[in-house]
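Read through the structure below, which is laid out as structure tokens, and then see the notes.
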Amino acid sequence: MADQRMDISSTISDFMSPDPADLISSSLSTSGVDCNRKRKGSSTDYQLDGFPFEEGMDTDKDDQHGRLDYADQQGRIKNAREAHSQIEKRRRDKMNSFIDELASLVPTCNAMSRKLDKLTVLRMAVQHMKTLRGATNPYTEANYKPAFLSDDELKHLILRAADGFLFVVGCDRGKILFVSESVFKILNYSQNDLIGQSLFDYLHPKDIAKVKEQLSSSDTAPRERLIDAKTGLPVKTDITPGPSRLCSGARRSFFCRMKCNRPSVKVEDKDFPSTCSKKKADRKSFCTIHSTGYLKSWPPTKMGLDEDNEPDNEGCNLSCLVAIGRLHPHVVPQPVNGEIRVKPTEYVSRHAIDGKFVFVDQRATAILAYLPQELLGTSCYEYFHQDDIGHLAECHRQVLQTREKITTNCYKFKIKDGSFITLRSRWFSFMNPWTKEVEYIVSTNTVVSTSVLDSGDAAFPQLAASPHSMDSVLQAGEGGPKRSHPTVPGIPGGTRAGAGKIGRMIAEEIMEIHRIRGSSPSSCGSSPLNITSTPPPDTSSPGSKKILNGGTPDISSAGLLSGQIQDSSGYPYSDNSSILGENSHIGIDMIDNDQGSSSPSNDEAAMAVIMSLLEADAGLGGPVDFSDLPWPL
């Protein structure tokens, strides 16, 4: 037992106290492990008792692996960039191909002589889509209607509401493709008479160009100008307008004159004294039509037309104008009761000093039924009623002599259908500030309703009927007895042939008065239309018409010619007579009539005084001595 205990104790002691050599070897092995954990940057070789190890070799391997990883990463980034560039390039190429395809589909882009930028192509494409919207919009199609209405019933309702006729005209040649039966009520032509005919054959010659412009307007001339995004300059187009490029769905509204198939009346040639009367009679065969509609395109198969004779169309759609024509009213309806205050129906016109129209407001068409170009160049006296010419001629004289506004009484004016409408005008003259001459007369013409005339309003005085007023004016101007004026066939009564020369006579009369005033010594330096000087006392007997030999005519208030009246401005005008009439001319013959006071000495003295006056007026002489005159001043 004791031996066993000794063996166990020795074993434990050996275990608890190891051999020094074992301790050294274990410590070296532990230190070797620690040396391996030093930083990679060291290149020193450690060697202890036959145990060498190298740290530098491990760090070189790590650096090599790091460089390889960096190169691989850079390669991957480069490959990714190249792949992105290829993707972007393919996207740009695809977009450019789509832009080119879109440009080939848009007519305005396809016809350009140079390549357009992308923004311009897109802008043109958007504009082209807007022009095509009218053809695809269901609200503009004929099938947009209630289900319980048939096509014929809808057509009759539209024509009844519009009070006109429906027509379809081809835009290429103006051929009438369809017209409704209601055209007979307006133009007195049947449906079969117009279908297949050219619209231009039934238009007024002056309106053909306007209608052609309405039919040929296309999307090649848009309202807004296209601007190149790169250069900033407007894009020029070389497109030739064609039927396939018309703006389908574009609205149209215009006025034109069309022939009316009125019953012909056989009139012998002897009834027409001149060709002018024939022209006036032919002018009444046209009526003003207001056409409103839109352009429309149909495939030729839908129209059922034969295209064998149309090789130029190349299978394109047929472009037409679908419109409703309504007879344009010439008189605006007036309110029945005078209680409602409305804007007066009026128009403005401008006349030359002889009364001829030089400008007419467009509102005159709705009142008189004349187009402005029909009135230009004609005299206003041709449209006045013969009972009102005397009063209007007097107003004409006053407006040429004064600067004030002249308001006429109510008078009758002939409209296009031959009847008369009651007007009241306000006239004033425009004077050139440099030449002091009247340039033109401005007239504001207001329509007077029948209810106002019947009420006898004092603000609208009426003229008393005087059948011989025009004859008196013509007789005074011509200086002869009254002559009979034949009535022209085809022109309604109420006006006289030759009335247009009244305005010319009045203009010549006023010009003669201005000339006499301008040549008078007492009127030098003053305007012929603004004479307010006080006349010298008249020593001759009242009512005397004779002028002393060698003297100058004294046109003052005390020495006026017979039948003349002096207005508020001191300017004389005649009452229903002309200053250029018979026994009223001022000339050498009238001066020579006074033989009692004529002698060579008196003539020489008068001539000397006149020459002195001229020299004094020109600043060439001294004061004038009037003591040598043979008559008292």
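Each residue, glycine too, has its Cβ placed from N, Cα and C.
When Swiss-Prot is compared with the stretches 161-169, 368-376, the one noted as motif 'Nuclear export signal 2' is 368-376. Feature motif 'Nuclear export signal 1', per Swiss-Prot, maps to range 149-159 of the set 149-159, 193-203, 226-236, 380-390.
Within 10 Å of the Cβ of Ser97 (phosphoserine) there are 10 other Cβ atoms, across all protein chains. DSSP assigns Arg92 (site 'Interaction with E-box DNA') to a helix in the three-state reduction. Of the recorded residues, His84 (site 'Interaction with E-box DNA') and Arg92 (site 'Interaction with E-box DNA') place their C-alpha atoms 12 Å from one another. Mean pLDDT of the predicted structure over the motif 'Nuclear export signal 1' (149-159): 74.
Arg92 (site 'Interaction with E-box DNA') sits 10 Å from Ser85 (phosphoserine), taking the C-alpha atoms as the reference points. A straight line from the CA of Ile87 (site 'Interaction with E-box DNA') to the CA of Leu132 (site 'Important for interaction with CLOCK') spans 36 Å. The two recorded residues Glu88 (site 'Interaction with E-box DNA') and Ser97 (phosphoserine) have their Cα atoms spaced 14 Å from each other.
Cβ neighbour count within 10 Å across all protein chains ranks Leu132 highest among the recorded positions His84, Ser85, Glu88, Arg92, Leu132. Under DSSP, Leu132 (site 'Important for interaction with CLOCK') is assigned to a helix (H, G or I) in the three-state scheme.
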